[in-house]
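As recorded in TrEMBL, the features of this protein are as follows:
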- 101-142: repeat 'WD' (REPEAT)
- 143-184: repeat 'WD' (REPEAT)
- 504-538: repeat 'WD' (REPEAT)
- 597-638: repeat 'WD' (REPEAT)
- 639-682: repeat 'WD' (REPEAT)
- 683-724: repeat 'WD' (REPEAT)
- 808-907: domain 'Small-subunit processome Utp12' (DOMAIN)
Amino acid sequence: MGLTRDYLKFEASGICNIVASHFGKVHAIDRNECAASACESLNFYSIGKRKRIDRILRQEKQVTAMAFSQVYNYIAIGYDDGEIILYNKNLPDYEKEKIVFHGHRTAVNCLTFSQDGLMLASGGKDSVIVIWDIVNESGLFKLNGHKNAVTDIKFTKNGENIISSSKDATVKFWNIDSKSCFYTIVDSTTEVYSLALIKNDRLLIVGSASIELKVFELKWNCDEEELDDSLNMPAAKNKKVVSLVGSDLIKEEDSQHNTFVSCKKRGLLVRQAKKMALEINVTKDENLMMVVGNDQVVDVYRIFSDNEAEKRFYKKVKKAKRKAQEEGDGNDELTIADSVSRDITVFIARIGDIKGFSSIKSLSICSRFIKVKKEEEDTGDICYRVYTLQKNNAIVAFDCIFDGKGNTFKSEVIADLNKLGHRNEVRALAINAKNEYMVTGDLDVGYYWNLNNLTVQLAFEHESMRDIVGALFVYSDQYIVFTTKSGSIFIFHVATGEHIEYKEKCHESSINGIVLQPNGHGFITTSSDKKVKFWNFKIIEEFGAKRLTFDMTRELELTDEGRCLAVSQNGKYFVVGLLDNTARIYFCDTMKFFASLYGHSLPITCVDISPDSKLVITGSVDKSVKIWGIDFGDCHKSIFAHDDVVTCVKFSTKTDERLFWSAGKDGKIKQWDADKFNRVQVLNGHSGAVKCLAQASDSSFIISAGSDKSIRLWDLTDEIIVLSELEQIEREKELEAKLIDEEDIVPGDLRDNEAELANKKTIDTIKSYEDIVDALLIARSEKQKRNDDDKYVPHPLVKSYGSKSENHFIIDAISRIKSTHLERALLMVSYDYVKDILVACNSCIKDNYKLELCISITNLTNKIHHNYLRNTPEVKKLLREIYENGETHLGKLISTVEFNIAALSLWKAEIDSFSRNKVF
């Protein structure tokens, strides 16, 4: 090898085990298909086939929210970095046709489409709400007001208002036209997590961390007579706040009015689930309401129709009268009726529940329901398909039967997607010698995977096998050894999946490390019981058949608990990492102490020895990795490797290179050069701690398993890594991050304004700004050349755009910028170029060229630089001219649109008269 070393890049090539993230969401597409968020992908599952049929993948980003449009075919996906992407899955190349929105600085918590599907509202951990225009593919505005993460958003049916909930314990009502909050409901005791609007937006259900659901009655557009007092108040005083603290009884004073809505607390609905109400789902026909409580129980409530509620009311009144007569109560009929009318169970009552196998984190009800028939006769029962996402990495589908007449509810499991992976986080991982299969272990089961298609081939289970902490292929990969936290060891036969040997209490405590002896005749274990034990295999004959077993041959007492273990390939040494912050090297043959490696400030968690048996690497709770020489036990280098505990270290198996991997609780996997002490590359993907790491015998790939329940395959590629280029890229990213953090402010706007520009500054908006400035400079240069040079030749870019003048070229250049970036890009343009932009807009408006874009640019430019423009007579004259020309051409455009709408209406009426069916 020469003076320089070539490093090859590893790339993600596969992911398995994870069905859905425990913090994710599930959505019912139809009765046979659902979608669920799983780390960086949105997976689509077929319930009938019990497998994943499609997915939308976005590398190195975690899906945190999703929404499906009921009108159009858009899927909105929110990510942990605040990005929102809209996909239209009906398009053949929907990945390239995606729409990208940037408005949140942190993770997106919730997404919802308006009733007409033309707007999208998003709420984030940064406590802001952003309204997006789907048609124009741009942001409308950002709403500030909440003091903590936004948890849920609902559009009203008319699309004029939205209601939001937050962890700041408030529910806010916003008007889209006025871009302001006009009403706030405050509950100062618990965080609010979920909302539901029912009864034509007349009832609002609020779910929080308390065990009750709060129900509010809403009256929209109050009568003018009721608003006489509030109409005379200043606008700031019209923003009412309703306090719910200590108001257990329904009082008339709870109802306070403004110009939009009257809100009155109607009552409380008690839940059986004891934890926070994460989601409130309502069936499409508004018969049932299901509340997810971060528990194994989903509370199911019946929503009674107006006629049913009236009957229940009179029935309860009669019962109350009878009771009053029996007790000799002197209340009159009006008082009794008034008391019953305050009972919310007249309208909504709990009728049952859905019980999961683990905590249910999300639920979705299929919009299509069927009527149950028995012997071809309609029973009146309705069957709803419900999908639940559970904490144990499973999606369970239920059929829920609702009997409206008997007021009963029952549910049964239809499908359980639990065979696609472990239900708990993977704690053990091993690859066989031929690099064709791997074995993984979790709390109580081991899985045998085919690495070609990343599917489970066998499951290894035993009633006594609990808390698996180690796994190992042995005896020419024909058998698998599992170790447990209780100190037991199990052996399974790979061909049949059959358990063939089990020994209890091989160690008195958890077995923290297991390695194969270099000669393959046995294995070595270390434990929290302060012992290292050597085990040898042997074949015994039992009941006329031979089987494999193992016996302990040697034992070593340690000075402290053994946390990890490694053995050299030459069979000369083994190293044990101890709880006392040191690692000790021993001879394999005599088990005599050789050297102590001390330097870590906290316990050692992982250890490995290089293939040439000359170096040792150790990882620790102190977040560092240390490289040691075996000969003298000296520390060659200490590296601050991770931002959290180092969980795994692993040397490359190639003898001609000294590269090693480290993994930590920060979710990162890093490769290092043990000779030059350089960081070679970083593999990002896990959203939680990396628990296990294994690599192929030829170092052609590595496999990692994390607390996010994902198992990831990373393949070696032919792409060469140049360290200087990587360092340059990292510096550029840091510079870009600084530029993005320097947020621009519209002059005259305040930081605490309720409404702001929707889009945040990104590297794309900076590039768009540079494109605008380049176009303006080219246009200035072209005007100068046209006047000074008789042999003027247009700029190549002007030719390529086909612009007939410099002013048209400016507008053509701006029109090529995505609408999602245009606002922020224009905000960064300095005042020196404003006149050029306005002159270009005026020229194009006169020619009726890209009229709508020119008017939008003029309005935004005027808003940004209003203070300067109004004091410049020349520009004021230009703006007046733009207004007059724009008014003329816009009037013609409006007339054309109105004519076309009228023509379409006549055409629709004519078709409807023939078909007697509505076309649209």
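Placed from the backbone N, Cα and C atoms, the Cβ positions cover glycine too.
Annotations in TrEMBL come from automatic prediction, not curation.
Residues of the same chain lying 6 or more positions beyond the ends of the repeat 'WD' (683-724) and with a Cβ under 8 Å from any Cβ of it are 6-19, 21-22, 38-40, 59-60, 62, 80, 393, 421-422, 424-431, 433-435, 438, 440, 449, 451, 454, 644-645, 647-648, 650, 652-654, 661, 663-671. Assigned with DSSP, the residues of the repeat 'WD' (504-538) fall into helix, strand and coil as follows: 0 helix, 20 strand, 15 coil. Tertiary neighbourhood of the repeat 'WD' (504-538): same-chain residues 464, 467, 469-476, 481, 483-489, 548-571, 574, 576-577, 586, 588, 591, selected by CB-CB distance under 8 Å and a gap of 6+ residues from either end. Restricting the average to the repeat 'WD' (101-142) gives a pLDDT of 93. Sequence-distant contacts of the repeat 'WD' (639-682) (same chain, six or more residues past either end, CB-CB distance under 8 Å): 1, 5, 7, 9-10, 605-612, 615, 617-621, 623-627, 688-699, 702, 704, 706, 708, 714, 721, 723, 726.
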